[in-house]
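In what follows, a structure is listed as structure tokens, so that the remarks can point back to it.
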Amino acid sequence: METVTRIFIATLLILAFVAVSSTAQANKQTYIVHLDRTKIKTAYQSLDNSRPWYEAMLNSIADVSSQEEDESEAAPPQLLYAYETIMFGFAARLSSKQLELLSKIDGFQYASLDEELISLHTTHSPQFLGLEKGKGLWHASNLKSDVIIGVVDTGIWPEHPSFQDHGLSAIPSRWKGACMKGTKFSSSNCNRKLIGAKFFFKGYEAIGGKINETEDFKSARDSNGHGTHTASTAAGSFVENASLFGLANGSAAGLRYTSRIAVYKACWATCTTPDVLAAMEQAILDGVDVLSLSLGAAVQPYYRDLLALASFWAIANGIFVSFSAGNEGPSKSTVKNTAPWIMTVGASSVDRSFPTIVKLGNGQTFEGSSLSVGKGTEKLPLVYGKTAGGQGAQYCIAGSLNRKLVQGKMVVCQRGKNARAEKGEVVKMAGGAGMLLINTEREGEELLADSHVLPATSLGASAGNALKKYMNSTKSPTASIAFKGTTYGNRAPIAAALSSRGPNLVGLDVIKPDVTAPGVNILAAWPAITSPNELKSDKRRVLFNILTGTSMSCPHVSGIAALLKSRHKDWSPAAIKSALMTTAYVTDNKGSPILDVAFSSSATPFALGSGHVDPERASDPGLIYDISPKDYIYYLCSLKYNASQISLFVDNFTCPKHAIMQPGDLNYPSFAVNFKSSAAENVTYKRTVTNVGTPKSTYKVLVEEPKGVSVIVKPEILTFKMLGKKLSYKVTFIGLKRTKPVAASSFGSLVWVSGKYRVRSPIAASWM
């Protein structure tokens, strides 16, 4: 399949149609329309070469619809964006009649209603990842080449020291991007570090109305903080003495701190699909090397998943694409961004924490976590639920607390209903002197640190239960909080409870997430106008902020991918992904299996994927599992996609009449095995590895069989005589007969071993 970059992109215009009434506009909805490139261009460019195909096409239906629709629906179509790289089609506001007319045009494929909004999902983390200045991947020789990381997010605060360009060479001549003028943003805000900044708002304004410029900037400038944080995590410059209120003090740096950054602001009060797609298309055309997106939408089949579709065209152009897995854990099958060509990143902790000690009046003590600083509180009376207010008081939602009941007291608030920091604001406004934020069973023992507006701490579910039991046992319960600052050397990594989990609902034959990376309590850059908790009532301003989520883990992997791209310029996106997956580790810094904090048990591949990323090992993986864009197309054929669905991914391609592979044969670096019943059955998958380690080497296979599965590998030894040599093997998984109910899934691994190399693939066996 050709993977040429299309040099034409339609300018992002709203068509110059006549003025329309607000009623007519209100009757329209935003659709993303997919078209057959050849048929549409042939039909409309041959009719009128003086204007773009999409203008001619929409004008043709405007003329008809204006005659057939009543006055309330007579407004012409409103073009938002035209796409020619990530797909062929456009996003537009259309009436039902206009959509009907479009659907009758030869070359129309389908239209997606843009009814779902897309959700946004280190001083120490580089060291935790084993990166050391002057050595390995952080040696000067690996930081000279120019790698460009594109970040699709809420924008950037360009004046932040994390984006200074001291010591960087001239902008690469291959770069086609630019810095787009907007509110309080001009080309002078860019430099040799921040080399591109564009913004996309038409999709948002089509459904949300005009951007409120008292709260956001109609430009690439960031007022939210999310985009500034993720961009600096991936590629922020070195900044000494970075901290938040003195916590986590150290030298802040992005994972690939000499990379160039190109920012594509597509998220405002929320993100819309048309804007994100336009941002991704522009990034591809501008020439980024890595795309980082800490966001996601609901899972759909890949031909309906527009982010997956856009990502495919990115990897077909040699761009590594990293997405966050989502923050809907620990429930199963919540993982987002599951296409096999995407690197899907879960979140885990580092060995740094911000502990607190809560002491109850009966002498019991519990450890919590907080970004509050100072000595702490004195012993204060405790109130909770009915003793603190009316309906909703247990969650500390706005208006639920009674000032007479909480004045000067420690208020217990349960997670849920509203944001964690907002609960503290509610308590403070009601006169409370402190807050204990307790987890539900869903969050378990995960301790998140927040910048509260009053002395406060989080507590795990077990501590919360003990706290409530204590309060019910006495008429005058009390508690105090002591803040312990920053500590290091804690057990880590630990899989975060919030990190979305597999199994992968769309592609059952692919384990997702792919890997986990630091995503808990991550310190990175922050806008100068935004409070650390984003509350308007909080007048504090900070240079760096600490956040948690897969949004934070995703740019870690984006930065590491940029490091690997520097070291191995000829590696494909799939090769980089393979190296990260097969070298990931599954034991923590204490030598035990990585823990899943949600269940207080060993984390499985449905939480960790292949494991925790290890940048230095990934730079020399020994073997890689490579996948070409054409291989992915054959995989889609194996999923029984029809010709129309396949055409969204590739032009002029027909699936073979007889399948050349089964879905499980995709050359993926992990194994998802699905048995249909409890009766004995077996499946056989093929894999091909490429030698990128020692020219002459012999690998022997080691297998840890999942419970209830027998695994046979043929051959058991792979002998290579040169670099670049490819060898194949087959694995047969035999599901043993199950005579009684047991776990729905079990896990193991397949490891190719040669000297220092251990090329590991997890196995997840499931009974459907």
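Indices start at 1 and increase along the chain as displayed.
Even glycines carry a Cβ here, placed using N, Cα and C.
What TrEMBL says about this one:
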type	residues	note
ACT_SITE	D153	active site, charge relay system
ACT_SITE	H226	active site, charge relay system
ACT_SITE	S551	active site, charge relay system
DOMAIN	30-115	domain 'Inhibitor I9'
DOMAIN	145-592	domain 'Peptidase S8/S53'
DOMAIN	380-467	domain 'PA'
DOMAIN	665-764	domain 'Subtilisin-like protease fibronectin type-III'
SIGNAL	1-26	signal peptide
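Calculated from their C-alpha atoms, the gap between D153 (active site, charge relay system) and S551 (active site, charge relay system) amounts to 10 Å. The domain 'Peptidase S8/S53' (145-592) scores a mean pLDDT of 95 in the predicted structure. D153 (active site, charge relay system): 30 other CB atoms within 10 A of its CB, across all protein chains.
Counting only same-chain residues at least 6 apart in sequence, those with a Cβ under 8 Å from the Cβ of S551 (active site, charge relay system) are L120, H121, H226, H229, T230, S294, L295, S324, N327, G519. Taken residue by residue, the domain 'PA' (380-467) breaks down under DSSP into 27 helix, 23 strand, 38 coil.
The residues of the domain 'Inhibitor I9' (30-115), classed with DSSP into helix (H, G, I), strand (E, B) and coil, number 38 helix, 24 strand, 24 coil. In this view, H226 (active site, charge relay system) is surrounded by 24 other Cβ atoms within 10 Å of its Cβ, with every protein chain counted.
Residue counts of the domain 'Subtilisin-like protease fibronectin type-III' (665-764) by helix, strand and coil are 1 helix, 62 strand, 37 coil (DSSP-based).
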